Amino acid sequence: MKRIVLTALTTITGIVLLLGVKSQTGAPGLATLAAPGAGSGSTATKRTSAPRATPTPTATVTPTPTGTPTPRKKKLTTKKKSSTSKAKATPRKVTHPRVTPKPKPKPVTRMKVAGQTADTPYGPVQVKVTMLGHRITDVTALQLPGGNQRSSEIAGFAAPQLRKEALSAQSAHIDSVSGATYTSQGYITSLQSALDRAGA
Amino acid sequence: MRALMVRHSPWLVWCGVAAGAAALTLLWWTSTLPPTSFGAQLTEAGRLTGLYAGYLVVILLVLMARLPLLERQVGTDRLARIHSMVGRYVVCMTVAHMVLIWLGYAMTAHAGLGKELTQLLTGFPYVLWAVIGAGLFVLVGVVSATAVRSRVSYETWYLLHLLTYAGIALAFWHQILTGAQFVPNAVARWGWIGAYAAASALLIWFRLLVPVRNVWRHRLEVAAVRTEAPGVVSVYLTGARLDDLGAEAGQFMRLRFLTRNEWWQSHPYSLSAAPNPSWLRVTIKALGDHTEQLQRIRPGTRVLAEGPYGALTARRRSRHGVVLIAGGVGVTPLRALFESLPAEEGRLTLIYRASKHEDVVFRHELDEIAADRRAVVHYLVGPPGPGQEPALHPNWLRRLVPDVAERDAYLCGPGGMMTTAIESLRECGVPARRIHHEDFSF
Ligand SMILES: Cc1cc2nc3c(=O)[nH]c(=O)nc-3n(C[C@H](O)[C@H](O)[C@H](O)COP(=O)(O)OP(=O)(O)OC[C@H]3O[C@@H](n4cnc5c(N)ncnc54)[C@H](O)[C@@H]3O)c2cc1C
């Protein structure tokens, strides 16, 4: 009897500890996201280290009011949950000065651009952005993980939240939805690549 | 090296088991993003418990395979205790796994518990099967619990246990098809499939193919039957290539007597004479239906044998002096050891406890062996009970065997007697590692 109680307590403590430590860490999980997907998965790692937006100064020709960094900044201050979102902010700020020198104006047009497919362990994610000039007016999901009921269930509640976040942030620098981390990472990756393409 | 292996084999086994669990934890760790909500944490806890349960099932399968190496070195009764302990643990982990996943999924999906349950059972491949499998585990766990176990017959218990195989098979598919660690990771998936396949192969090999092969190989049959005491018969078996069996004194075999009524049951019986190339002997006491039937077994009956199993052998001995303590029909393996165990002259003692004089079997043989080997036999006869058990009191033991603290002790008999004897031996200064015993009632 004593042994049973002891075993049970050890097991529970072990699992709680493991989860506690795991919840504190960020890096290893993100690294492995890239691992399973051979092809487009690599974009996921790139996104975390150096945002794709950097090499495309042409994209931000006509700065629209919503394009200002303010909303994003606000978001970061209100919701600094993970260290990753803070890390993301830094290189983005650096790119800003580089944006201004490009002079070629472009008419404000409406365009729809599909992003790359990002592989997640639960299936591919692909989104399409609708841009009005430089403004993101809509994000729709072309593919979401739907391998099983569970995946589509998660994708079903995560996608609207991610869309809302993206619209208010006007960028791909958004937080992942808790409980749908892989789907969020894929969504963000695909969205970023769509924005890159739209800008190029 | 060999001696080292023998002495530390239980530890080696435990280290192997722990290493596997650590590897599994590492797999989970590297394939999991930090959970960011309470629901996600529940889900991850559910995944962990599921992984551990699935892993322990592999261990259980290996334990059930009756690997000769484990049977001989760890010992069948100890393996059985480990088996029941691990079995209980698996049942608890499985239940925890189901509940945690259910709650975790419901919370992360923002769904009601009822709705989530239907989703889980209908929307996921093989989850319904797995739940049925888990139900079988729980059923077997309940029946094996001490309180219930004593009220069901051995056969019911045994047949129900066979259901665990069905349970394992039912639960397997959802692990591969929905497991977060296995769906995206082919290496982990194939590793997992491989572990289950290997364990099943061992099981089929040692519990099915080897015994069947042995039917042809050894062609065991009943050669003679001799009554030893009221309700106790010795059955002599002959066959081909008996030394290939590698049997040792102190071991037992699971025998299936191929008669019309008894062929479907296999029961364990100790070898009651040191193995030799021409015959094997078991001595059977009528305790129930089956053993009652065997009292009238006919010469010529074919016998299917599994084994030999058991670790109560000469290999366990670490001192030159040995004391053997037998109770009732538990004398069978000790009779074989008494005959063959290497021991210093004059330092081999058999204490034989029986409730009636008629119940003392092998009296003649034992006296003869004692004379031959300059060993000593003490018969302690009398009904069991509070007034009589002092026969195994430490003072008595010291009087019968003055140097008992310096010897190895081999015990076999009914549970109550064994407990008393072990306590007395410990009190006389025999360390636990030098007390070797076999339990006749699993
Ligand atoms: C390692 C070992 C060695 C044994 N050696 C001998 C021996 O040399 N001589 C001898 O007479 N008996 C021996 N037994 C006991 C013998 O196996 C049982 O008495 C026999 O199986 C009872 O069968 P039954 O159907 O007649 O009795 P039941 O009425 O079915 O059972 C009587 C008792 O035996 C137990 N039992 C029944 N079947 C088995 C089984 N297959 N395995 C384990 N326990 C069982 C039951 O739990 C019950 O306590 C040994 C048992 C073990 C575990």
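Cβ coordinates come from backbone N, Cα and C, glycine included.
TrEMBL entries are annotated by machine, without manual review.
Taken from TrEMBL, the feature transmembrane segment applies to B:12-30 (among others).
Per TrEMBL, transmembrane segment is recorded for B:50-69 (among others).
Sequence annotations record features per position, and here TrEMBL assigns transmembrane segment to B:89-106 (among others).
Tertiary proximity for the transmembrane segment (B:126-145) is limited to same-chain residues at least six positions away from its ends with a CB under 8 Å from its CB atoms, namely 84, 87-88, 90-91, 94-95, 98, 120, 152, 156-157, 160-161, 163-164, 166-171, 173-175, 177-178. Annotation comment: TrEMBL describes B:126-145 (among others) as transmembrane segment.
Beyond its flanks by at least six residues, the transmembrane segment (B:157-177) meets 50, 54, 57, 60-61, 94, 124-127, 129-130, 132-137, 139-140, 143-144, 149, 183, 189, 192-193, 196 of its own chain at Cβ-Cβ distances under 8 Å. Residues or ranges marked as transmembrane segment by TrEMBL: B:157-177 (among others).
Remote same-chain residues near the transmembrane segment (B:189-210) are listed as 54, 58, 61-62, 64-68, 172, 175-176, 179, 182-183, 306 (criterion: CB distance under 8 Å, separation of at least six residues from the stretch ends). What TrEMBL lists as transmembrane segment is B:189-210 (among others).
Summarising the annotation, TrEMBL assigns domain 'FAD-binding FR-type' to B:215-315. Mean model confidence of the domain 'FAD-binding FR-type' (B:215-315) amounts to 90 (pLDDT, 0 to 100 scale).
Within the chain carrying the transmembrane segment (B:50-69), a Cβ under 8 angstroms from the stretch's Cβ atoms is held by residues 17, 20-21, 24, 27-28, 76, 79, 82-83, 86-87, 89-90, 93-94, 97, 101, 164, 168, 171, 175, 179, 181, 192, 195-196, 199-200, 202-203, 205-207, 306, 309, all 6 or more beyond its ends.
Using DSSP to sort the residues of the domain 'FAD-binding FR-type' (B:215-315) gives these counts of helix, strand and coil: 16 helix, 41 strand, 44 coil.
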